[in-house]
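Student: This is the feature table in TrEMBL:
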| type | residues | note |
| --- | --- | --- |
| REGION | 1-31 | region 'Disordered' |
| COMPBIAS | 22-31 | compositional bias 'Basic and acidic residues' |
| TRANSMEM | 135-156 | transmembrane segment |
| DOMAIN | 137-291 | domain 'EamA' |
| TRANSMEM | 176-193 | transmembrane segment |
| TRANSMEM | 249-268 | transmembrane segment |
| TRANSMEM | 275-293 | transmembrane segment |
| TRANSMEM | 299-321 | transmembrane segment |
| TRANSMEM | 333-357 | transmembrane segment |
| TRANSMEM | 363-387 | transmembrane segment |
| TRANSMEM | 394-414 | transmembrane segment |
| TRANSMEM | 426-443 | transmembrane segment |
| REGION | 471-493 | region 'Disordered' |
Amino acid sequence: MGIREFPNGSARGKAATLGMRRSPDVSPRRLSDISPQLRQLKYLVVDEAIKEDLKWSRSVEDLTSASVGLTSIEERILRITGYYGYQPWAASYKRDERSRESPAPAEAQMQAGAEGGGRVSRCCWKCSVTQLKKIFWGVAVVLGVCSSWSGSTQLAKLTFKKFDAPFTLTWFATNWNFLFFPLYYLGHVFKSAEKQSPKQRYRECCRFFGDNGLTLKVFFTKAAPFGVLWTLTNYLYLHAIKKINTTDVSVLFCCNKAFVFLLSWIVLRDRFMGVRIVAAIFAIAGIVMMTYADGFHSHSVIGIALVVGSASMSALYKVLFKLLLGSAKFGEAALFLSVLAVFNVLFVTCIPVILYFTKVEYWSSFAVVPWGNLCGFSILLLTFNILLNFGIAITYPTLISLGIVLSVPVNAVVDHYTSEIVFNSVRVIAIVIIGLGFLLLLLPEEWDVWVIKLLTRLKVRKKEEIPEGNGDIASGLPNKSRRTRPSMSSFAH
């Protein structure tokens, strides 16, 4: 039914039929390849029944319609023969439909502009909301760091009036570090979509120590040295509080940032930055001036030396951690701090016992011990370390560091009303210099590039504004002359 043969060309019709039944695998690539079959097409016509059945087909319509405007004879032949898998309804018909359905270029540009503007506005809104959330949480973390650090310092000072045992207080507070990993696991259970058992989470975090996990060798080589540095940092800080006022202790401890830079530059080969060298010089000058503020008395010199030693131990802890262990994720850091508590219980417990029996740190009975102050100090110190280590998950690290330097004025206000501190000009200048050095150390590594780009943009804007202003002035004069001089075309009407 599909193809009807004329009586005079039966053989030719059969040959053409066989020619058009080629498989797609051997379909020709050029029109010259099927020239014998093309010469036989004049004996073929499309059956009327097929035309009636396929009247909605674009191929039959294009054959019978002269208004369609076929591009070439080759396209007509290909529509009839079906070579190359030719499907006009998938090519030309779709082009026609697209041309009918596609809007005008101006309308398309307006729609694209509206969609693009909506996307940009949505992205800007999301970015602004995210930044506002980070800033809000940053302010909360800064207040938390400032209040916990200054609160623990003041509470330690108050505790030593009743319980003169700084090393025992250090040992007691360090034991609370054991809560780091359980608190982290609780946060993991509430926040993470894929919840793991404590054992699975522990094994995953143990990979931080190496392929074999937390072995006995790793414990003594990678955890024990940091346990010693942790204990020395806290003990020297607390012992200094007994010697000098809390304002001087808190401001001198801010020098640890400068010590971290110097050690990183020497040991880790970090990038040299002139502004940080200036900050380190400010820190050293502030230490000297702080010593001079009290007249180089032995009591104050010992206290200042203890604080500087504490800041040095803290800097050494951070640099060695980066050198030996690298960077740690939140779970790994929590596990590491809990391991330090285990080390403290196993190997440091003997020292407070020795100090007690040698009456270096002695108390008459356990009923005299101010357990409330000890627990309060431990909780505040634990809160400070949690915010310091995990606060970067919700805000910027720079804002967290600001909480430490902001504890200096808080301690100064408290000391002003609770002690006999004298804020002479030398002490005030020393505090300002150390604080300025601390703030300089918070600058990012590429701050100079940003400043140069900002100054360049400002200069370019000024240069663009000056020609525009001159152009407006120059263009104003001809406009006025045109307004005053009537046009002859207006009178022609």
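The backbone N, Cα and C atoms fix where each Cβ goes, and this holds for glycine too.
Because the structure is a prediction, the values reported are computed rather than measured.
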Student: Sort out the residues at least 6 away from either end of the transmembrane segment (363-387), same chain, that have Cβ-Cβ distances under 8 Å to it, and list them.
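Tutor: The answer is 141, 144-145, 148-149, 151-152, 155-156, 158-159, 162-163, 165, 169, 172-173, 175-177, 179-180, 183, 234, 337, 356, 400, 403.
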Student: Going along the chain, which residues at least six beyond the ends of the transmembrane segment (426-443) come within the CB cut-off of under 8 Å?
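Tutor: Counting only partners 6 or more residues beyond its ends, the transmembrane segment (426-443) has Cβ contacts under 8 Å with 247-248, 251-252, 254-255, 257-258, 261, 275-276, 278-283, 285-287, 289-290, 292-293, 398, 401-402, 404-405, 408, 412.
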Student: What residues in the same chain, six or more past the boundaries of the transmembrane segment (333-357), come closer than 8 Å to it by Cβ-Cβ distance?
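Tutor: For the transmembrane segment (333-357), the sequence-distant neighbours (Cβ-Cβ under 8 Å, at least 6 residues beyond its ends) are 165, 167-168, 171, 174-184, 202, 205-206, 208, 214, 219, 223-224, 226-227, 230-231, 325, 363, 385, 389-390.
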